[in-house]
Amino acid sequence: MSMIDHDLRPDPGPAGTASALLTIDLAAIADNYCRLAARAGTATCAAVVKADAYGLGADRVAPVLAAAGCRHFFVAQVGEGVALRSILGAGSMIAVLNGAAPGSEATCADHDLVPVLNDLSQLDRWQGLARRLGRRLPAILQIDSGMARFGFGPDQACALFDQPDAFAGLDLRLVMSHLACAGEPDSPVNAAQLSAFQAVRQRLPAVPASLAASSGIFLGPDFHFDLVRPGAALYGIAPQEGAENPMRPVIGLRARVMQTRSVPAGTPVGYGHTATVARDSRLATVAIGYADGFFRSTAGGAAWFGGARLPMVGRISMDSLVLDVTDVAPGTLGPGALVDIIGPERDVDAVAAAAGTIGYEVLTNLGHRFHRIYLGA
Ligand SMILES: *Cc1c(COP(=O)(O)O)cnc(C)c1O
């Protein structure tokens with residue numbers, strides 16, 4: 001069987017001709033890191049760079065975080081950790097949140113990655129490797145304090161602590177847990193998870209502890225422990241629902257107008273004719289669609305151009321969407337012009353809300369057809 005050896009990822013071309021431009025402000029990421037580290041007080045501030053730094057490019061983002069003082073990084077998978085180790089070199093902790101998939105333990109150790117141990121089988125396999133290598137291996141122990149996703153249940157963990165050699169061959173670097181409802185400060189789940197975590201943590205007083213991700217940092221010092229693990233807030237996503245966003249915006253997305261037309265009142269627009277213009281209108285077709293991660297479920301969306309709001313009309317197509325540009329002076333918004341899809345008037349969280357999702361999903365779906373511009377490197 002012959003292998004397909006060409007890369008099907010498009011080359012978006014130079015900024016001047018690309019269909020869409022994604023601007024990623026690395027200085028804002030570094031500044032957000034410093035803001036979060038300050039919020040975390042005496043706790044160490046780590047950085048979560050899983051999923052290619054939430055779609056923004058771990059190869060560009062991680063060195064900037066390291067330069068800002070970050071020495072503890074989290075990824076989700078061993079493969080991401082291997083790539084990150086080659087980006088960062090030696091000297092930083094790289095932890096793997098999902099733990100090592102069966103068979104990937106040796107790779108994990110070879111690249112000096114620290115697996116999060118989430119259950120007995122991960123613990124057994126990591127200890128087995130430590131025995132075979134004849135050396136102690138670093139590990140992080142995860143407790144499920146009330147999310148039913150990853151980690152040892154509190155009772156299961158305490159049963160382990162009763163066995164003197166439960167962690168033989170391992171060097172426990174951290175005991176951690178994760179909050180299910182940290183974005184909602186009033187949720188009683190936060191206090192319940194905090195006390196469940198504290199109860200387990202008391203059994204391992206010498207091991208540093210970590211509970212808070214971005215939102216948890218804003219729940220106050222009780223949640224900070226020894227290390228905090230923000231991801232989303234580094235990338236400008238608001239850490240608390242319904243509160244003002246204390247983070248600096250990181251991304252901007254502009255898409256190019258490909259065609260404009262004037263249509264009479266009553267003209268249906270786009271697939272399914274789901275929208276009909278109410279007045280004589282000017283429409284602009286813009287080169288961004290759901291294949292770029294601009295979700296088809298977006299409702300009531302708009303783009304912006306020079307302070308003017310340009311409502312989206314009809315369904316979002318794979319490679320394009322249509323804007324009502326009637327209120328922009330004729331001649332100012334022709335083919336080649338760039339409109340703001342994500343920008344100061346409409347941030348990642350607003351775009352996500354219009355699509356019925358969260359900023360995390362918008363960032364991690366940002367497409368591969370954008371010309372990327374990194375600022376402040
Ligand atoms: C993704 C993740 C984080 C980072 O969460 P944010 O909400 O993006 O700050 C921290 N800890 C764990 C266990 C995670 O899975």
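Each Cβ is built from the backbone N, Cα and C atoms, and glycine gets one as well.
All TrEMBL annotations are machine predictions without curation.
Computed from a predicted structure; not experimentally measured.
Positions annotated as active site, proton acceptor by TrEMBL: K50 (among others). Classification of K50 (active site, proton acceptor) by DSSP places it within a helix. Here K50 (active site, proton acceptor) comes close to F74, V75, A76, Q77, E80, L97, G231: these same-chain residues lie at least six apart in sequence, with C-beta atoms under 8 angstroms from its C-beta.
Feature annotation from TrEMBL assigns active site, proton acceptor to Y271 (among others). Long-range Cβ neighbours of Y271 (active site, proton acceptor) (same chain, at least 6 residues apart, Cβ-Cβ under 8 Å): G314, R315, S317.
The Cβ of M318 (substrate binding site) has 12 neighbouring Cβ atoms from other residues within 10 Å, across all protein chains displayed. In three-state terms derived from DSSP, M318 (substrate binding site) belongs to neither a helical nor a strand segment and is classed as coil. TrEMBL lists R149, M318 with the feature substrate binding site.
The annotation domain 'Alanine racemase C-terminal' is assigned in TrEMBL to 250-375. The residues of the domain 'Alanine racemase C-terminal' (250-375), classed with DSSP into helix (H, G, I), strand (E, B) and coil, number 19 helix, 49 strand, 58 coil.
Feature annotation from TrEMBL assigns N6-(pyridoxal phosphate)lysine to K50.
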Other CB atoms, at most 10 A from the CB of R149 (substrate binding site): 10
